[in-house]
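Listed in TrEMBL:
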type     : residues  : note
SIGNAL   : B:1-22    : signal peptide
DOMAIN   : B:25-126  : domain 'Fibronectin type-III'
DOMAIN   : B:127-226 : domain 'Fibronectin type-III'
TRANSMEM : B:233-252 : transmembrane segment
REGION   : B:363-405 : region 'Disordered'
COMPBIAS : B:366-388 : compositional bias 'Polar residues'
REGION   : B:457-485 : region 'Disordered'
Amino acid sequence: FGLSLPAVAVLLVALLCLDPHGRVGSAPICAHGPSGCHIPSLADLFDRVIQHSARMHSLSNDLHSEFEQYFLPSKNHIGKIYRKCHTSNILTPNGKDNAQKLAREELTEVILKLLMAWRDPLFQLHQSMAHQQDFNSFSSNKALEMGDMAHELRKGVEKVAEKMRVLGMLGNSVTGLSAAEAMLPLSDSGEAMSDYELLYCFRRDSNKVQNYLKILKCRIVPEHDC
Amino acid sequence: MRNSGAVLILIFIVKLISQAAGVSAPGKPKLTSCRSPEKETFTCWWEPGEDGGLPTTYALYYHLENSETVYECPDYKTAGNNSCFFNKNDTSLWVNYNITVVATNALGKNISEPVEVDVAYIVQPNTPENVTAVVVDEDQGPFVRVSWEKPRTADTRSGWITLLYQLRVKQQKDKEWEEYNAGMQKYYNVFSLHPDTEFMVQVRCKPDHGFWSEWTQTTYIKMPDYIPRQRSLWIIITIFSVFIVLILTWTLNVKRNSVKLCLLPPVPGPKIKGFDKQLLKSGKTEEVFNSLVIQGFPPTIDYDDLLVEYLEVYDNEEQELVLDGKDLSEDCIKSKSPSDCDSGRGSCDSRTLLLEKCMVGRKGSGSDQHQYSQHGETSWASTESSECQGLEPGSPESSDGRVKTWPVVFSSPQPHHHYQAETVKPVYHSVPEILNHSSPHIMPTNYHHLHHQDIPQQEGRHGKPACRHSQSYNHFNLDGLNTPAPGVSPSRSLEYVEVQRVNPENMLLLRPLSDPNREPEGSDYAGEDYSKVKEVTSNNILLLRRDTSHHCVDDYSQASQCTTQQPPHPCKPVIYQSNSGMPQEGMRVMGNGYVDSTVLMPSY
């Protein structure tokens, strides 16, 4: 035969790679079911998501007040210059009763729409803050983190919705999940919004998201903290 | 045209009248705050300005962001005076309200500054309710469990609002509250409160983004009297100490030997150089101790060498006290070493001195000299003169004309014998004379002769060496001063001399002690030069002590004691010689302890 040991090893490896059944696939960690590992319950998922949204909102709050403090000293000046937020055409409940009147699916959809609408503007915000000399690196890092958090939050809420659907809590009328499109932050006049306006709008929208998630949670899993 | 003009004039007149009357348009009102207790309704309060003296009405107007529709406040009553209450229907969250207040009276109106409000950010809940505190008794000790309820208006059930609670505790007498954060729970356990005291508890709450509520009313709770049984602590301490004891014991055991060494150190054997243990054991003590003897101990010091500054005394039996003829000079010459000016043997180094004396003596009154001669001291003068004559030609040192002291030397025969035996002897002697007619310091004008009568006796008996004068024979007149010596009498009289100073040429300047004309400043000198009697030894020897400097004076035979002393306390050798006939008188001690002996004062 005359084949040396290394050659044999190489051959074996090649066979393995070529073998379709030898493909390495990822097995889920909790393959053995609930007893094998701890699968987070819906309540836990909700808790995580709500914590995430709280963190996101506090970041946006910090950035906004920083902006207000250093760049726009006059309060009246603030009131006059802001324009309509680009998310204002998303219909959001503006009171408790209105929010409670909404179905879970609609509420979830609103949340996801909001989060989706902010994906690109947050990225833009970070870009413009990083390029400007006025902001220190701390602030632009916060903006970056904020954008990441919004992204993760969206993913998390999607997971929650998925879970709810699996559990049968959500009907099939949730169409917004797939239809949520990214929106460009354009104001009426077509101009891009300034950094301050973006921060102002995002602070409000993150508050909305947090509130809606809490309502959703207490409606769906009201055992604790409600 | 005319109408408008008339209207304008009318308004103008009205204004003038109103100003004259003290009324005016209202002042500017101000919106103070807007608050929402549950994030569903909210209230705004304003502050009126001056009302201008006329009844004023206030109206609140608002419009939502990006809308120009202006609405008026729906409810002025519910929240009290100067307030506007927005109910649920009129409240929209996440929308900016632009609110203004308008004050109106008969003369005009005034508009406040607009205020932007977003209801979601002005939430301030009501205070928590039903705060209760109970003491719970446990094994570890009692503690206080504080519980409360959420404010009635806040809707936390639906998750619309999330409240965080905080409580604070203090004793009545404390200044500072102790705050605890309770999170979202509605109870809290407070531990480690002092027993048998009353505590005050308060609670408040806040939404996750908003303002803190007010503190609740104080709730009082009394802690019972208890003894803290900290059993677990004692158990831990006991175990720990047992553990440590075990470790120590084990360590000691391991290091047995070194511990023994430490606690019971071995008795060291003798470590004397040259000491032979074996020899000791064998019992030959003599040999053993012989090796310990150090040669040359105790050190014998040649005391004589230490007294080089003193004048030498030569106890020469053959020599007469009285300077007879030329013996003196010869003896003096003999006794002195020509080159030894500083040895203190100045008494014999005294050609010049003698010369001076001769000169001075001649100047003095003749009476005294006669006196001397009366006592058989004629030889004195004659000696002097002879001396002087003898010396004169060959005394270069007298050229300066300064008076030099004539040291008179005498000492007890025995010691002198003793010292005679050795060639170089430091000597001390008393210097009775003072003569320094050129010195301004010398005041005394007395002559002093001491022991006139005794001298011849002494001479007869002791044979004073040459170059010695009896102490009483200082009889020099100071220049120009011819005062008779007080107390000088044909009979025995004593004069006391003090050594005034020693000039650089080792000459003692003497001065009579009892000089009434002595100036006060002389007392300083006196102080230096006098010596107190320390004791009298068996040999009729006075041990003098220098008064001011506490020198130890020892007699010559006991010189060893003194000479070993430190230089600042030099010994002053005693010079007094006395025999049986003399002592009492010779030692006439003056009132202050001074002795009339002549004392050598070395000038240090």
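Cβ from N, Cα, C; glycine included.
TrEMBL: automatically predicted annotations, no manual curation.
Residues 259 of the same chain, all 6+ positions outside the transmembrane segment (B:233-252), place their C-beta atoms under 8 angstroms from a C-beta of that stretch. With DSSP classes pooled into helix, strand and coil, the tally for the domain 'Fibronectin type-III' (B:25-126) is 3 helix, 47 strand, 52 coil. Per DSSP, the secondary structure of the domain 'Fibronectin type-III' (B:127-226) breaks down as 0 helix, 48 strand, 52 coil.
Per-residue pLDDT, averaged over the domain 'Fibronectin type-III' (B:25-126), rounds to 91.
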